[in-house]
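Q: Pasting the relevant annotations from Swiss-Prot:
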BINDING   Arg26, Gln27, Ala28, Gly29, Arg30, Asp76, Tyr153, Ser208, His323  substrate binding site
SITE      Asp76  site 'Transition state stabilizer'
Amino acid sequence: MGENLPLLLSAALGKKVTRPPVWMMRQAGRYMKIYRDLRERYPSFRERSENPELSYEISMQPFHAFKPDGVILFSDILTPLPGMGINFEIIESKGPIIEDPIRTLSQIESLKELNPSESLSFVGQVLSSLKKDVNNEATVLGFVGAPWTLAAYVVEGKSSKNYSLIKSMAFKEPDLLHKLLDHFAKSIGEYLKFQIKSGAQVVQIFDSWAGQLSPQDYDIFAGPYQKKVVDIVKEEYPDTPVILYISGSAGVIERMAKTGVDIISLDWTVDIEEACKRIPDEIGIQGNVDPGILFGNKESIKERIDDTFNKIKDRKYILNLGHGILPGTPEENAQTFFEHGKKLTY
């Protein structure tokens, strides 16, 4: 097995590679016509992400189109919630809606422990099929939402601009919030282990809303629970690389490095040279390219990729965007991103 590792997995493990691997967050999705056509036939997001045949088909769409070095499970960070007794729906124009927001002790105490093999068997099926069919031509990636971000959704009840409800809980009833975060950390750790057992070779933790916290509050409500998830995973799978992504992470990069993750995925608001100085050498870096550059012309895309890579040539690096690819991105520009990325050499 050691001789036949796919490129992204090799790079994530710190092995010598000839070029940086390339994939994109949200590489399966609305910018692709083939996805939009499928969405017309299956308008429910939950059906698309929870029906194993559909999730598999969507996960593979960018692989067939662009041959990225990573194939990521098509799912959602909220997908494990029903297995804990929290129902949700995703409305196309509004995003996620939690049917019964979690705001009391009795609600938190009544949450179920997540049993992924029972409530998320479809995820296992998809990852197993991806691993078999991708056949090490690319690395299969799994992912989860981090405890703080999941808590933000379930307390607020939906996406939020200022997170006043969860911050009110954090500063008025911190014990209540810690109880919820702890429940999520244990469940998400188990869910990641299930994904790895099912076929994920690298996993990514999305703490999308941790960038809304001050550094001192990150140390209380986000960092420790990210670390708890990583510790649970590493206890059983010490050699599976874990990536951590936070949107708006410039103020907490050093703190992210203390969570036990192997790779930090950067948004585009931080200078990558500066980030290299702030992140220990043994930790890899992913991303940093502004997804907005994909609305430019081909030359500007190539120049930005070259500029980013030249600043980080001496580090373990995975080429990616600093956020998910945006709806409306021209598919040919995504093609340019992948094609040019594969021409880079160490």
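The backbone N, Cα and C atoms fix where each Cβ goes, glycine too.
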Q: Measuring Cα to Cα, how far is Arg30 (substrate binding site) from Asp76 (site 'Transition state stabilizer') in Å?
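A: Just about 14 Å between their Cα atoms.
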Q: In whole Å, note down how far the CA of Arg26 (substrate binding site) lies from the CA of Asp76 (site 'Transition state stabilizer').
A: 10
Q: For His323 (substrate binding site), which residues in the same chain are close in space, meaning a Cβ under 8 Å from its Cβ, but six or more apart along the sequence?
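A: Correct list: Met25, Ser247, Asp267, Trp268, Pro291.
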Q: Give the helix, strand or coil assignment DSSP yields for Tyr153 (substrate binding site).
A: helix
Q: List the same-chain residues at least 6 positions away in sequence whose Cβ sits under 8 Å from the Cβ of Ala28 (substrate binding site), in sequence order, or say none.
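A: In sequence order, Tyr35, Ile58, Ser59, Gln61, Pro62, Ile72, Phe74 meet the Cβ cut-off.
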Q: What are the non-local neighbours of Tyr153 (substrate binding site), defined as same-chain residues 6+ apart in sequence with CB under 8 A from its CB?
A: Leu78, Phe88, Pro96, Ile98, Gly145, Ser159
Q: Pairwise over Arg26, Gln27, Ala28, Gly29, Arg30, Asp76, Tyr153, Ser208, His323, annotated as binding substrate, what's the top Cα to Cα distance to the nearest Å?
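A: Farthest Cα pair among residues binding substrate: 23 Å.
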